[in-house]
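Engineer: Below are the features I grabbed from TrEMBL:
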TRANSMEM  300-322  transmembrane segment
TRANSMEM  334-355  transmembrane segment
TRANSMEM  367-386  transmembrane segment
TRANSMEM  412-431  transmembrane segment
TRANSMEM  437-456  transmembrane segment
TRANSMEM  476-494  transmembrane segment
TRANSMEM  500-520  transmembrane segment
Amino acid sequence: MRFLIIVPAVWGFTQPPATLGRLATPYVSRGEHVLLKSKQDAQRSVGGKRENAVPFLDTEKWLADVEGTSEPSELDTAYWLEAVDAGDRLKADADAETTLLLTLSAGASTTFATAWQFALPLALLESGGPQAAATLMAATTGAKVLFAPSVGRLADKAPRVDAARAARAAQACGVGLSCLALPHLADETSWLPLLLAGSAIEALGAVVTKGAPRKDWAPTLLEGDALRKATVSLSNAALLGELAGPALGAFVLGASGAPTVGAAAVAGELAAQAALERLRARAPSALSAPKGETTKAAPAWAAFFGQPSGAAITTAPAWAAFFGQPSGAAITTVVFALLWFTALTPHAPVLLAALADRGAPAESLAAFRAAGALAGAGGVALYAAAADGRTDARRAQTTTTSEARRLATRDVAALSILGQVVAVTVAATFVDAPQTLMVAVVVSRVFLYAFDVAYVELQQQLVAEADRNAVQGCEAALTGAAELGLAGVALTYATDFEVVADVSATAVVAAGLTFAAFLARRPELVSRPTSSSR
């Protein structure tokens, strides 16, 4: 059988050009067609078992049918179309499985990490008091501000799967240290530094595990429509994890205590890693090999302000790599961080306290928080529909689908942040009207989550592959700094919420203006630099 397949191909390649020209067809020559089919048959055989292969028409029958004729038959066309269709089906199935595994990993990691980060302060509040709980929050956020960029850079230097393993091992270690110290705090405060260190280690590990699926693994394994669908799916998983995590943490804490929550968090991370290990087995070259080294053409801020390019950069510390992204990704990250500098969110304690002080009943506050969660899901769905529609409109103005998607992402991101600016401004204006304030804040969440998905797509498009975790670490540092700054404003003006609302609205407006300036200076939104192996 193999001899029958090879002979026509050898004959075809050994004939003079005139003979081949006479036999040329609009599709493929017989020898090439047989070789193509043989290769496809081999690729579609799983573990050497032909019964698992995509069914094709019988090759021997095809050879008999076309023997002695140089014209393409209907059977030729059928073979060719079937091969293309089967290849598309196989790729779609593989992309769907990749998306599912990434979504399961991201959902488990976000849910259980959030559950632990929610339960630990509550447990510490009982044993150490309010001051200890406040110290915990300051220490954890401060650790991210100081060390998250360096952790991201270390993750970039290792193969992806090794970085994920190390980050989850650090999370498990941090949870263990905190659980070890927690029972002793009621009698001896000297255990508090150990608990703070454990919490900081766990938070730094989560910087890698929570951000990598959306911003590193997905753009490495997927492309085109598959990547866009995966990004929306991962955003929904992250949103669900942020909502379910606190509920899970509170339930397990009340039923069994903090150590059980810690054990559940470690088990959840193990499950998340198991999904990634299955992906590694399917794509070892992409996930087990070291990342490439990126050569950058110009610093982002120089390009933003229109200054001439500087010297090329091949390696740099995290912050230098962050600000050195030639695509201007650093500017979009600064915009994203400014959106964290706001108390006008349904889960902000200072806003809930202000609403209660202005006469809002407890039932309204509960409905307000639930509406905020639903608004987030609505924002993700809104972005998916708007981006797809805008891509179709932009395709007529561009030469490639990827370029059309970049422009569509830019358009929807601009509209999303504009909607948030308007909604937050309305909320800050009607601080003394609780119902109007709550409606405006809920509407702002729709636009916030739509922008969040757009921001992730922009990061996928713009950030160099070798710098993804470093940029993620810098993002965590900037958002942590925004949280600390907002906490300082809230403490300083604890009795004057109008000032807190005005500062919050100003930060969101500044984010909108910065993003508008970025688009005006860089309307083309160039794609990320390519990487070369180290």
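Every residue gets a Cβ built from N, Cα and C, even glycine.
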Engineer: Checking distant contacts: for the transmembrane segment (367-386), what same-chain residues at least six beyond its ends satisfy Cβ-Cβ under 8 A?
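Structural biologist: Distant Cβ neighbours of the transmembrane segment (367-386) are 232, 235-236, 239, 243, 345-347, 355, 360, 412, 415-416, 438, 441-443, 445-454.
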Engineer: Short question: which residues 6 or more past the ends of the transmembrane segment (476-494) have a Cβ under 8 Å from it?
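Structural biologist: Counting only partners 6 or more residues beyond its ends, the transmembrane segment (476-494) has Cβ contacts under 8 Å with 138, 141-142, 144-146, 148-149, 152, 207, 211, 333-334, 336-338, 340-343, 350, 500, 503-504, 507.
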Engineer: By a Cβ-Cβ criterion of under 8 Å, what residues six or more beyond either terminus of the transmembrane segment (412-431) are in contact with it?
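Structural biologist: For the transmembrane segment (412-431), the nonlocal Cβ contacts are 335, 339, 342, 344, 354, 379, 383, 386-387, 390, 437, 440-441, 443-444, 446-448, 450-451, 454-455, 458, 497-498, 501-502, 504-505, 508-509, 511-512, 515-516, 519.
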